[in-house]
Amino acid sequence: MAEAGIIDGKAVAARVREQLKGDVAQFVARTGVQPGLATVLVGGDPASEVYVASKRKSSVAAGMADLHQHLPEDATQQEVEGLLRELAASPAVSGILLQLPVPAHLDAASLIELIPFEKDVDGLTTMSVGLLAQGKKGLRPCTPSGVIELLDAYDVPIEGANVVVIGRSELVGRPVAQLLVNRNATVTIAHSRTKDLAGICRSADVIVAAVGVKGLVNADFVKPGAVVIDVGIHRGPDGLSGDVDFAAVSPVASLITPVPGGVGPMTIAMLLANTLRAAELQHTLTG
Ligand code: NAD
């Protein structure tokens, strides 16, 4: 059987970032305001440092101001809260991103809630989740938005499509399902208690796997010609792999995202898009 077409997330992300550069320049010319991203890192978790460095570099490349803030590992809840309140009030700050996880002595949930919805570039506050659920203007979580962007980039029909999302996390599964419903897909959310997962997935025109179980989705899960989006990231001795058994699924699917190079590169691209949207939102709210 023929191999599936590859959804090239690197190429789509590069296009989004190039487009954004122009959009940022136009926004600056129109408003005199440079969008600014405040990444907030507490402590020195090596993986988090790498992620934050990459977000900062990309925001500068897009023409935005890098307003990074670093607090020590032993920063108190009050100190982090104080910083977030300052950033929330500062007109120079368009977007605030609290890098997760924060050290265990901090209450991440209550910190996140200090980010005002118009600066919530991760889309994780209760307010942003509510705005998404109601289909109202707001900022959407980055990885889920990246999934939609990839489907659109490859002209995969969403309206009326049967989509199975595997995973119901606040970060990926739930918001991606909600975004798909808002685009008129018929969405099934499957999770760890789902019965006959493979059978349910076989009904899908599109499968979005956000499970965190390496290679869970095999050929039995996939209707011939279905589109398979793999959000999973697993680091192993042979490099990165996803929640989908790529070699097994590729001959059955019509389109598939690789790992790496599929959904992954979209996350930062959508963060930048969110930062510009945040600047626009604030400009409309205050202008
Ligand atoms: P999570 O652990 O918070 O959620 C996993 C979900 O999968 C849960 O809702 C659970 O019910 C479901 N699940 C677990 N085992 C299952 C099983 N055997 N059958 C069916 N459902 C099952 O994970 P998450 O934060 O949503 O992330 C999912 C994956 O996506 C991880 O591999 C993570 O590393 C990756 N991820 C990638 C990006 C990116 O930028 N590409 C961003 C975020 C997360």
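Note: Cβ is positioned from N, Cα and C throughout, glycine not excepted.
In TrEMBL, annotation is done automatically, which means it is predicted and not curated.
Here's what TrEMBL has on this protein:
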type: DOMAIN; residues: 7-122; note: domain 'Tetrahydrofolate dehydrogenase/cyclohydrolase catalytic'
type: DOMAIN; residues: 141-282; note: domain 'Tetrahydrofolate dehydrogenase/cyclohydrolase NAD(P)-binding'
type: BINDING; residues: G167, R168, S169, I233; note: NADP(+) binding site
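With helix defined as DSSP H, G or I and strand as E or B, the domain 'Tetrahydrofolate dehydrogenase/cyclohydrolase NAD(P)-binding' (141-282) counts 53 helix, 28 strand, 61 coil. In the predicted structure, the domain 'Tetrahydrofolate dehydrogenase/cyclohydrolase catalytic' (7-122) carries a mean pLDDT of 98. Long-range Cβ neighbours of I233 (NADP(+) binding site) (same chain, at least 6 residues apart, Cβ-Cβ under 8 Å): L240, G242, V259, P260, G264. Around the Cβ of S169 (NADP(+) binding site), the same chain contributes A210, each under 8 angstroms and 6 or more positions distant in sequence. Sequence-distant neighbours of G167 (NADP(+) binding site) (same chain, 6+ residues apart, CB-CB distance under 8 A): G173, I189, A190, H191, V208, A209, A210, V211, G212, V231. Across the domain 'Tetrahydrofolate dehydrogenase/cyclohydrolase catalytic' (7-122), DSSP assigns 60 helix, 17 strand, 39 coil.
Around R168 (NADP(+) binding site), the same-chain residues at least 6 positions away in sequence with a Cβ under 8 Å from its Cβ are R174, A177, I189, H191.
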